[in-house]
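Report on the following structure.
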C-alpha cells in the first residue's frame, strides 16, 4: 500500500513537471511566433536575418530571455518600419527599446505588458494621442516618446506611475496644459518642442528652463511669469475701466480726458500762446531732469555699496545648464572656459531641478558630518527643496580643473535607484561643491551603531538584508557602467550607504577617491583591501573586499576597525576576527546579538556570511565580481529584485537602456 502511495505521488509530480514544461514551451512558441510576425512587417532591410525557425529565439539579435520567455527586446537604429501592434503578446517583456527607427502609426494597447520597466520609442514616426494604456504599467521606470508625431493632451493619470524616473516627451505635437505630474522620484524630464499652453505646474517648476522651451504659449517658472488678462469687465487695469464700472452709466462715460469738464472749456487751450506752451514744456523738462539725476545718484550709491558688500559671493558666478544631456565645457572654448573656471561656475545635469547659486548661499544649512573628502551639509532652499552639499575645499588638493570636470561628467551620467546621483557641481579655485539629493533616513553606520541605549530600536534582519542587496546593486552598477574605464567606488563603508525616504539603500561618494590625499585613504583602514597597503591604486576587486567588510559589519554589528580580540584586549581587523571564530567552529558567536531574537534566519545569515568571506579573500583574484554577489544575495532573499529598474543585464550595463548613450563620456584619469 505504501509503495502504491509513493508511486502515485511520484507520478503526480512527474505530470506536474511535464505540464509546466509544456506551458513554458507553449509560451516560448507564442513569443517566437510574435517576433516572426513582427519581423515580416517591420524588417524591410533584412537586419533580422538571424530570426528564423531553425534557431532558439532567445539567441536572436536583440532578444533576451528568462525561463524561455522574452523579457528584453532592444532593436535600435536598424531602419525598422510599420506598426508594433504584434509585440503586445510579449507579456513577460521588461525592456522594450526601439529608438532611432522609422516605425509609425499609433501605439497599440500595451496594458498586457504588466512587467514592463523600460520603454524607449524615441526618434520614430509614431503618431496619434498619448497611449493611455501606458498609465496602467505601474512598474514602469523610464518612458521616452520623444521625437515623434504624437498629439493631443497628456493624461493626468501619469501620476499613477509612482516609480517613474524618466519622462521624455520633447519634439512632438502635444497640446493643452501640462498636468500636475507630482512624482517624487522623477529625475529626467523634458517636454520642449510641443504646443503646450498655460502655466507650468508647481511640481515641475524647478526643472531647468531648457526642458520647457519651444512651447510658445507656456508660462510660469522657470519661464516668464504668466500675465493674467481677465475677461471680467469689473477687474481693474483695463483702459476702458470707466465703461466697466457699475458706478458709471454708459451715457456718462467721458469720451476724452477733457470732455468731463464740458465742451466749452475744451476750446480754451487753443487760446494759449505758443511762447507760454514752450515755457511750460521747458519747465517740466528741467524739473524731470533734476529729479532723474537725483534718483540716479541715490540708486547708484546704494548699488555700489551692495556690490562691494557681495562682490566675493557674486564674482564670476555663472550657471551652466548642460545639454546632450551632460556638461561639455571641457571640450569646447577652452580659453573662455578657463577664464570662467578660474572665477567659478556651477554646472547642473539635465533633469535636475534648478536653483541659483545665491539660493544655495542663502539656504539654511545643517552640518551632516565630516568625511575623508570634506564636509557634508543639508541645505533647505527657499522653496522648501532639500539638497545635500558636499564641500571639497580641503580634500580636493591634487585635481586640476580639467581632471575634475572630466570626472564629474562621468559621475553625473550614472543614474540608478541604488545610487545617490550627482545633481550639480561648483568649481572654483578656492571652492568645490557637489550637490546631491538629500537622503533623510541617515546612513547604515548610524542604524547599526548609533544610540545603542535601552530605548534603541534594533535594525531587524529583513532590513539588513534589503540594505545589503541594494548596496550590492549600486556598486555592481558602478562597476558595469563603463567597461573601458572600469570605474571604482574607492571608499565603500557604512557611512557611504544612505537610506532614502522609502528605506532603499543608496551608495554615495562614489568616484571621489582619485581626488583624495593619501592620508585620507589611510583613515578607512578597516575596509581597505590588503593589496592597497603598499600604495597600489584602487581596483574593482578592492571595492569587492570593502563590500565584504561591509557585509561583516551588517552581520556582526561591529565597527571594522574596533574589534577586540577578547584575551589580549587588543584590536584586530574584522575579517581576521571572523575567520578565526569560524575556524574554531563558533560560527554563531559571529552574529550580532540583536539578531538572535529572530527565528528561522540562521541559514540566511550563514549564507550571507559565506558571501562576505568570499569577498574578503586575501588574494584579489579569488574574490567574486559584484554582479555575481548581487545574484547570490538575491538568492538568499528568495528571488529577483523588482525594486531595481536596471536589474536586467547588470553585468552588461553599457548595453542597457538604463544608461544614457556614451556612458563613459570623455577620457578621464582613473
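Cβ atoms here come from the backbone N, Cα and C positions, even for glycine.
Per Swiss-Prot, N-linked glycosylation site is recorded for 52 (among others). In sequence order, the list of same-chain residues 6 or more apart from residue 52 (N-linked glycosylation site) whose Cβ falls under 8 Å from its Cβ is empty.
Per-residue pLDDT, averaged along the repeat 'LRR 1' (69-91), amounts to 89 for this model. Per Swiss-Prot, repeat 'LRR 1' is recorded for 69-91.
Around residue 79 (N-linked glycosylation site), a 10 Å sphere centred on its CB holds 14 further CB atoms from the protein chains shown. Annotation comment: Swiss-Prot describes 79 (among others) as N-linked glycosylation site, evidence class sequence analysis.
Taking all protein chains in view, 14 other C-beta atoms sit within 10 angstroms of the C-beta of residue 102 (N-linked glycosylation site). Annotation comment: Swiss-Prot describes 102 (among others) as N-linked glycosylation site.
Reduced to three states, the DSSP call for residue 109 (N-linked glycosylation site) is coil. Within its own chain, residue 109 (N-linked glycosylation site) has 88, 131, 133 as residues 6 or more apart in sequence whose C-beta sits under 8 angstroms from its own. The feature N-linked glycosylation site is assigned by Swiss-Prot to 109 (among others).
Sequence-distant neighbours of residue 112 (N-linked glycosylation site) (same chain, six or more apart, CB under 8 Å from its CB) are 88, 89, 91, listed in sequence order. Feature annotation from Swiss-Prot assigns N-linked glycosylation site to 112 (among others); the stated evidence is sequence analysis.
Among the features that Swiss-Prot reports, repeat 'LRR 4' is placed at 139-162. For the repeat 'LRR 4' (139-162), the DSSP-based tally of helix, strand and coil residues reads 5 helix, 7 strand, 12 coil.
Under the heading N-linked glycosylation site, Swiss-Prot lists 149 (among others), citing sequence analysis as support. Sequence-distant contacts of residue 149 (N-linked glycosylation site), defined as residues of its own chain at least six apart whose C-beta falls under 8 angstroms from its C-beta, comprise 125, 126, 127, 172, 173.
Here the repeat 'LRR 5' (163-185) has Cβ contacts under 8 Å with residues 122, 130, 138-156, 191-204, 211, 218, 351, 415, 417, 501, 645 of the same chain, all six or more residues outside its ends. Among the features that Swiss-Prot reports, repeat 'LRR 5' is placed at 163-185.
According to DSSP, residue 182 (N-linked glycosylation site) sits in a coil region rather than a helix or strand. If you look up Swiss-Prot, you'll see 182 (among others) marked as N-linked glycosylation site, on the strength of sequence analysis.
Taken from Swiss-Prot, the feature N-linked glycosylation site covers 190 (among others), and the record attributes it to sequence analysis. DSSP assigns residue 190 (N-linked glycosylation site) to a strand. All protein chains included, residue 190 (N-linked glycosylation site) registers 23 other Cβ atoms within 10 Å of its own Cβ.
Residues or ranges marked as N-linked glycosylation site by Swiss-Prot: 268 (among others).
The annotation transmembrane segment is assigned in Swiss-Prot to 275-295.
Feature annotation from Swiss-Prot assigns phosphothreonine to 463 (among others). In this structure, residue 463 (phosphothreonine) is part of a helix by DSSP. With a 10 A radius on its CB, residue 463 (phosphothreonine) counts 15 other CB atoms from all the protein chains.
Here Swiss-Prot flags 491 as active site, proton acceptor. Every protein chain shown contributes to the tally, and the Cβ of residue 491 (active site, proton acceptor) ends up with 26 other Cβ atoms within 10 Å.
Other C-beta atoms found within 10 angstroms of the C-beta of residue 616 (phosphothreonine) number 27, with every protein chain shown included. In the three-state DSSP reading, residue 616 (phosphothreonine) counts as coil. Under the heading phosphothreonine, Swiss-Prot lists 616 (among others), citing similarity to another entry as support.
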Please give me the CB contact count at 10 A for residue 182 (N-linked glycosylation site), counting all chains in the structure.
12
Residue 616 (phosphothreonine): which of the recorded positions 182, 190, 491 is the nearest Cα neighbour?
491
Roughly how many Å separate the Cα of residue 491 (active site, proton acceptor) from that of residue 79 (N-linked glycosylation site), to the nearest whole number?
45
Under DSSP, the repeat 'LRR 1' (69-91) has how many residues in helix, strand and coil?
5 helix, 8 strand, 10 coil
Distance check against residue 102 (N-linked glycosylation site) for the recorded positions 79, 182, 190, 463, keeping those with Cα within 10 Å:
79
Per DSSP, to which secondary structure element type does residue 102 (N-linked glycosylation site) belong, with helix, strand and coil as the options?
strand
